[in-house]
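Shown next, in structure tokens, is the structure this report addresses.
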Amino acid sequence: MATSSGNSSVYTKSQSYGSEEDLQDLKLLMDQRKRKRKQSNRESARRSRMRKQKHMDDLIVEVERLRNEKSEMITRTNMSTQHLLKMEAENCVLRAQMCELNQRLQSLNDIINMMNATTISEVNYQNNDCFLTVADNCFMNQMNNMSYLNQLPIMASADMFMW
């Protein structure tokens with residue numbers, strides 16, 4: 001049974017009292033509807049293909065943008081890593097220099113304490129009308145040698161800590 005909406009007539013085999021022209025008109029109407037439906041489907045498929053192509057183009061652009069962003073991030077990460085390694089090496093050098101300077105300071109403080117003790121001894125000797133003994137001269141020579149050792153340059157450098 002074929003029906004149409006509205007005030008149109010309903011056609012079936014048992015109700016076809018009309019002429020051949022009515023059947024042809026009906027056939028033409030059905031063919032016309034069929035063509036319209038096919039044309040509509042073609043247009044819909046064309047729009048769907050266009051949407052799909054646009055979506056694919058957008059995705060390609062997005063992939064390229066993300067690849068560029070990834071490349072920039074890798075570059076920044078590599079630069080940061082190199083900077084970190086450089087800072088760590090410099091930090092090691094500074095720590096080594098600090099240790100050397102602390103040792104120098106300790107040696108200098110020891111020398112000052114010994115010199116103060118020697119000065120007190122000299123004052124006591126002078127007050128007792130005594131002169132420095134041979135042992136005192138040896139001690140003073142050792143002190144002079146120790147002060148020379150404290151004047152050596154600091155040898156730490158970044159090359160020592162590179163791995």
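Using N, Cα and C of the backbone, Cβ positions are placed for all residues, glycine too.
According to TrEMBL, the protein has these features:
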type     : residues : note
COMPBIAS : 1-18     : compositional bias 'Polar residues'
DOMAIN   : 31-94    : domain 'BZIP'
REGION   : 1-56     : region 'Disordered'
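For the domain 'BZIP' (31-94), the number of residues in each DSSP class (helix H, G, I; strand E, B; coil) is 64 helix, 0 strand, 0 coil. The average pLDDT computed over the domain 'BZIP' (31-94) stands at 97.
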